[in-house]
Every structure is written in C-alpha cells, then in structure tokens.
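As structure tokens, the structure follows; a few thoughts come after it.
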Amino acid sequence: MQDLPSSIADISDPELLGQWLEKYNEAYRAGKPMISDAHYDLLVERLREIAPDHGFLSAVEAETFADKREVRHPAPMLSTEKAYDKQSLERFVERVYKEAAQIGVTDVLFQVTPKLDGLAARDDGQILATRGNGYAGYDITNALEKGVIPQGGRGLGLGEIVAVQSYFQENLADRFEHPRNMVVGIISSDVLNISAKQALEDKQVHFVPYATLNKWEGSGKELLENSEKITQDLIQATDYPMDGMVASVMNQDVRDHMGATSHHYRWQIAIKAKGETGVTTVNAITWQVGRTGNVTPVLEVEPLKLSGATIRRVTAHNAGRIREKGAGVGASIEVIRSGEVIPKLENVLTPSDDTLIPENCPVCETPLEWNNDFLKCPNLNCKARVEQRIRHWFRILGNADWFGIKTVERLVAGGFDSLEKIYAMTEEDFLSLEFGPVQSKNLAEAINLSKSRPVEDWRFLAAFGISDLGEGDSRKILSFFPLEELLDKTRDDIVALHGFGDVTSISIEKGLKALGPTIRHMLDLGFNLQPTPLKSEMDVSSPISGKGVVFTGSMETGSRKDMEENARSLGANVQKAVTGKTDYLICGAKVGAKKTQKAQDLGVTVLTEQEYLQLVEGGESQSSPEQMSLF
C-alpha cells in the first residue's frame, strides 16, 4: 500500500486515506496503536473534508477478537459524532433545538459525561460483550472471571472497560504506552503478563457503565456558556483515562425524533480537543535515566511554533518507538501539542537509519536491559537514578523547599548521594559545595524544618519510592501495620491484606528489605510523623465504619481534607467520586442539585454537613436519596 503524503493538508486520495484509516483502526482495536488518537482524528477529519460520503465515515469502527463467540446487540452500539471546536458544539445545540421544536419541545435538557478511553462493551447481567461492529460484538464474559470489576454491579448496560488512571500512572506507565493497550491485552489473551495480572489482583481494571459516570446536566445555553468549566470539573472528578466529553440530549422524545445514522446517534456529540501539529527534523536524541532505571529518549528538533510556544524538545516515550519507527537523527517527524501538554512524537514521516540505540547506560555505562519496549539501567547506584530518588523524596514529602533537581545534582556530585548523608549536612557543608551564604542557610534550615513539620506517615513511606508503594498503597498498608512493624513483615503477611496480590507483595517485601536500613535511620532522626489510623483500632460501632464516603463543596467546620482524615479514623472508605460503591455523599456549601443527581440515581444517601456531623456524633440521619433538606 502506498504511503500517505507527509503533510495531512497534502492528502488528496480518499481511497488511499480510507485504507490507511482501516489499518490504523485495526491496530488500535487490537491494543497496538500505530498513531496517536489525536493524529487519527485529524486524518478522519481530512477524509471528511475531501470525501464526506466515504464509506469509512458511515461505518462503526469494529474490533475483532479471535476465538470469541459473536453476540448480537438488542440495539445498535454506535460511534459518536465529534466536535473539535466551540462552533461545532454550537451547531449541534442549534440543531437539537430546531429538531425539538418540530415536535413541540422547548425545554431541552442536556447531559455531559466523560468520554472514557477504553474498550466499549455491554453488560446485560448474563453476558459482557464488546461493541464489535455496533450490531454484533464478542462474548468477553470471562474477563470478569479474570478480575475485571463491574462498577455498580452487573447488568447496568453500556459502558467501557478501563484501568484506573492514577494506578496506571503510578505503577504501569513505564510498562505500557497507554492503559488501553493493557486492557485489550487482558480481554484478548489467555496468557497475561505479570503487570496485567497484578492490575487485576489489585482490582484496578473496571467495567464502568456509562450510567455510573459523573455527569453535568443543564440547558443548551448553560452548556455553551460553561463548556470549559464543565469539562474541567468532570476531568477532576474522574480517575479513568479520557479522550474528551460526550454531550447528549436527555429528552427521550427528542432522541426518538432525531434518530441515528448508520454511524452515530444524532442526539449525541463528543467534545474533543484538537491538538496542533507541525513537521520538523530530528537533530539529536538525548537519553534520560529515571528513578526506576528507565532510559527514555528525548528528541532534540529543529525549532517550530505550536500552540504559541517554540518547540525544541519532543518526548518519544520509549526506545521501542525509536527503533520501530526510525525516529533517528535526520528523520522528518510530525509533532503534536495540545494546550499546555508536553509536545509528543506523533508520526515519523521520513524514517532515518541513524537510530543508534545505546547498549550501555548514558550515565554509569552499565549494560542496559530491554523490558518490553523500554530500556532499563539495572544499576541501583547509577548517579542519575540516585539523583531522581533523592528528588522524588523531597517532592513527595512536600515539606522542604529549595531541593530542586539542580540542587540535588550538585549535592550528589559533591558526594552527598544518600538521604543519610544529606540529612547530616550543616550550613558549612553546603558552603563547601559553593552554594551562596543565603542559599546554604536556607538549605540547612529546610532540612531541619522537614523533620519538625508534621507529615503523614504514608507520605513519608511513599517518598522512599519503593515499587508498588505509592501514596495510595502506602496509606492502605499503614492502616494495617504501624510503620515500624511493617519493616519486619514478609510477603505472606502482606498478601493476606485486602488489596495486595502475590506480585505486589513480593515487590514490597523486596523494597522494604533493600531500604529498611535507610528507613530506620530516617525514623531515628525524629520526623514529626502523623500516624495513619489502624483499622484494628477504628471504632467499628461508628455509623460510617466500612462505608464509602464522598465529600463535596466547601465545609464550615474544617477543611475537606481534615474531614476526610476524620472519616478515615472512623473507619470510612473515603472516595474521590460517587460510584455504585458509595454510601454517603456529604455536601458542603455551593453544591447545586445537579451535582447530587448521580448520587440519587445510584441510591446514595445525600447529607448536608450538619446532618453528617449529627450522624457521626451518634444521631440518626433522616436524609435519603429522595429526601434532601437543602436541594
């Protein structure tokens, strides 16, 4: 098949473009994307420009799964029309009101939900099936047996299979290029790699029904006036990978009147950000070593302007992309930048043979190892890894200023290459490294302040950078064991805890053993640690013990963070957003009725701040999803 022109604007052959889009779509559905979502969307829009009646644009983009039973859907699972700018959204709203007026409807209600970036599926309570071609999909019910969690329970209809975003970023981002790649692998393969197994053991891969998603509701006028704020609010409340928002008409009679094409429902549109792309040339490749040892490529390119900024460096994510796509010195590449996002390698237009992949670490010269598409330096004492570990400590601890990466690099170069050495430094030591008098004083004071300022013990533990002990899991594990006791626990002790699987337990035991002396040394320095409440000491008689609790709005009796910590001490499971596992939604000031709608739909008890305080202080809550005193 002939290659496409290097510039999207130069593509003029709709049949060739359609063939490439089919190829790109097939790779994407198989969990092995050849180009990014943004680049794919730009190509689809180009096809729409040059051949608006092309068959590809009217067909649902199908996925296939070998050896899976085909299942017909009771109603079509179609794709979604897309809006990349405010004008497209305005035209959609205008069209809706025009169609609604034809049947005498003037009060049209719109809903906006996150557009999850996963694998679309349908759960009827008996069978979990993929979207397929929109009319028939594939039976993947065994995904639930593998460990995929149905949020809100079974039988809630259409939804998306996704990995929890925060978990992916903390534990898997250095092993998979995108969460969707892992999800498709879990669904399509009977043999799972260790990382995918661990994600399933940790209950971090979910089937999320669209009905359980956070949502906004309002008029078309409110949607157009507040679309950016609506989007930001939903992004903050959603811990799943997303590639936009979906705006839908809620009035069933308007939906029925507007109907659908063979490709999408006319009463629904996806709101997506359109990244700006440009073409440049690779001048050099810089290899950077991270805290975990991953050696990642940064492309030094001919300067170009994108989204109002001059781009000189572009991330290429991993060495595998350099090797496979020929993104070496002299290559012509397409770069994309969306808003303030770091510019990324989008596509290699003219490959280069000059893709020399380093065999040794660029910092310590230790032979590198391949881990899937990633290069890794196995040397724990590599200078770059040491610098990044120390920087990670101060960044996560969050109570000591002045220790940026440049300062840390100077400390390590001067021989202060461990936390033990740095925390023994005096003002004179900083002066000896040619820091100025004022900066030396500030650094010495910052060291002392970091010991005396209050810090949560889970944050202290997470700052050591132990694999599989990020902030969330550190908080979780310290609710079972005090920090001092944890250091002596084995993998058997850890695997017995809820939420910790075999692979994670082995990794944590290994990390605690390796860093045990450092952790004990730092504990002996007398940090002002705030202990995590132990589950064994929690008041099981508390009315919120074991309950899922979400706080929203501005609280009067204290900060939301303080109220969340107090709820945890009473045994509650404090959550970020309302789901089917939420029991109570506690609303402070400035929370409108629309924000409580999801809780009502899911049968969650909605309480005002005062009603919540009465509840935990021994009173009985009289509120229910149907009876809310303030809304």
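Just so you know, glycine gets a Cβ as well, placed from its N, Cα and C.
According to Swiss-Prot, the protein carries these features:
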BINDING   Asp37, Ala38, His39, Tyr40, Asp41, Ser79, Thr80, Arg131, Glu160, Lys272  NAD(+) binding site
ACT_SITE  Lys115  active site, N6-AMP-lysine intermediate
BINDING   Cys361, Cys364, Cys377, Cys382  Zn(2+) binding site
DOMAIN    539-630  domain 'BRCT'
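Positions of Swiss-Prot features highlighted on the structure.
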residue	record	DSSP class
His39	NAD(+) binding site	helix
Thr80	NAD(+) binding site	strand
Lys115	active site, N6-AMP-lysine intermediate	strand
Glu160	NAD(+) binding site	strand
Cys361	Zn(2+) binding site	coil
Cys377	Zn(2+) binding site	coil
Cys382	Zn(2+) binding site	coil
Averaged over the whole of the domain 'BRCT' (539-630), what is the pLDDT? 76
Taking only the CA atoms, the spacing between Thr80 (NAD(+) binding site) and Lys115 (active site, N6-AMP-lysine intermediate), expressed in whole angstrom, is 10
Using a 10 Å radius around each Cβ and counting other Cβ atoms from all shown chains, which of the binding-site residues Cys364, Cys377, Cys382 yields the largest count? Cys377
Do you know offhand how many angstrom separate Cys377 (Zn(2+) binding site) and His39 (NAD(+) binding site) by C-alpha? 32
Using Cys361 (Zn(2+) binding site) as the reference point, find which of the recorded positions His39, Asp41, Lys115, Glu160 has the shortest Cα-to-Cα distance to it. His39
For Glu160 (NAD(+) binding site), which residues in the same chain are close in space, meaning a Cβ under 8 Å from its Cβ, but six or more apart along the sequence? Leu116, Asp117, Gly118, Leu119, Ala120, Ala121, Phe207, Val208, Tyr210, Tyr240
So among the binding-site residues Asp41, Thr80, Cys361, who's got the most Cβ atoms within 10 Å? Cys361
Restricting to the same chain and to sequence separations of six or more, state which residues have a Cβ under 8 Å from that of His39 (NAD(+) binding site). Thr277, Glu334, Ile336, Glu346, Asn347
Would you count the other C-beta atoms found within 10 angstroms of the C-beta of Lys115 (active site, N6-AMP-lysine intermediate) for me? 22
Comparing the Cα of the residue listed as 'active site, N6-AMP-lysine intermediate' with the Cα atoms of the binding-site residues Asp41, Cys364, Cys382, the shortest distance belongs to Asp41
Cα-to-Cα gap, Asp41 (NAD(+) binding site) vs Cys382 (Zn(2+) binding site), nearest whole Å: 41
